[in-house]
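Feature annotations, reproduced from TrEMBL:
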type     : residues : note
COMPBIAS : 343-356  : compositional bias 'Basic and acidic residues'
DOMAIN   : 129-238  : domain 'Probable transposase IS891/IS1136/IS1341'
DOMAIN   : 272-334  : domain 'Cas12f1-like TNB'
REGION   : 236-255  : region 'Disordered'
REGION   : 343-362  : region 'Disordered'
Amino acid sequence: MWTRDKGPTPGFVEQARQLTEARAVFGWLRDGSQTVQQQALRDFDQARRNFFAGSHHRPTWRKAGRREGFRIVGPQAGRVEQVSRKWARVLVPKVGWVRFRVSRALPESRSYRITRDRVGRWHIAFAAVPDPIPAPGNGAVVGVDRGVTVSAALSTGELLNCPRLSESERRRLVHLQRRLARAQRGSNRRKRVKAAIAKLHARAADRRKDWVEKTSTDFARRFDVIRVEDLRVPQMTRRPKPKPDPAKAGSYLPNRRRAKAGLNRGILNNGWGLLVQRLEHKAAGRVEKITAAYTSQTCSRCGHCAPGNRENQAFRCQSCGHSDHADLNAAINIAAGRAVSARRDKPVRMSVKREPQLTTST
Ligand SMILES: [Zn+2]
């Protein structure tokens with residue numbers, strides 16, 4: 001809401017003060033929990049900071065049904081009781097005791113967040129940073145090549161695939177999307193079809209996250225050093241720039257946007273960014289990022305580097321004749337840290353106060 005002539009906009013402290021004033025005037029505002037409202041302002045403050053720091057996009061408006069949730073902090077967050085081995089309950093301000101299913105041991109925590117996803121599932125996540133997984137101490141170094149056809153190729157020879165929707169689930173998704181296109185806006189049928197689509201997407205996301213969590217834990221336990229390509233996923237998955245036609249002003253040449261969209265889907269589906277992010281949490285200080293250039297064109301045996309070495313999924317060295325699976329060859333190069341200036345990443349520093357992001361279902 002900032003404009004040049006209005007002067008500075010209120011920050012978090014001023015907003016919190018205004019909130020107290022507003023609560024005194026409006027009954028409907030008083031009916032809600034002050035902590036929840038204050039924390040929403042704090043979230044907004046953080047979003048704005050991130051935007052001005054250049055690491056995130058501009059904050060967007062909140063929308064019903066999308067990323068719904070709230071946070072409780074302070075003494076109010078301490079009212080949690082384990083009821084049985086599998087169940088616990090929490091006193092949510094203005095709501096009362098709410099039972100929830102425990103998916104892991106309840107941590108010592110001073111804040112929690114309750115969220116509701118697009119499919120209507122409620123989750124509670126307690127803010128606690130778990131200890132990193134200790135290194136096995138066997139000196140093992142692994143290179144991980146992340147790809148679209150094979151989600152992760154390891155220099156040990158393993159090819160790992162992130163589970164996706166099955167053939168029949170994908171067919172059903174296409175079918176539902178067609179029905180959605182035909183459904184009338186605002187109709188009940190449209191709502192139902194939309195919910196069914198969201199359910200399928202949520203299922204795919206759950207599988208992906210589950211795979212990422214299991215795989216990253218497995219890597220952190222088995223290897224001392226994990227080398228990955230330094231890929232910039234947000235930049236890579238950006239949509240291509242429009243290509244102006246030099247012959248005709250105002251018109252554009254094909255820029256293969258649909259093809260790029262397909263590749264983007266492949267990259268995002270495979271959870272590239274998330275895998276490395278979780279690895280950095282779990283194997284803090286043991287993840288090394290290697291410049292991605294030429295890892296797929298260089299022979300892992302003799303070091304010969306030429307674009308002609310690679311033919312789709314097969315690697316064949318034009319110099320020594322060595323042949324291998326293309327992704328495995330790349331993984332071995334990454335493990336060797338070849339073609340590159342390897343830099344040791346500092347362990348991810350995380351403030352104890354900062355709330356860890358919810359990455360798995362609770
Ligand atoms: Zn070679």
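Backbone N, Cα and C atoms are what each Cβ position is placed from, and that goes for glycine too.
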Predicted model, mean pLDDT over the domain 'Probable transposase IS891/IS1136/IS1341' (129-238): 88
DSSP-assigned states of the domain 'Probable transposase IS891/IS1136/IS1341' (129-238) in counts, ordered helix, strand, coil: 55 helix, 16 strand, 39 coil
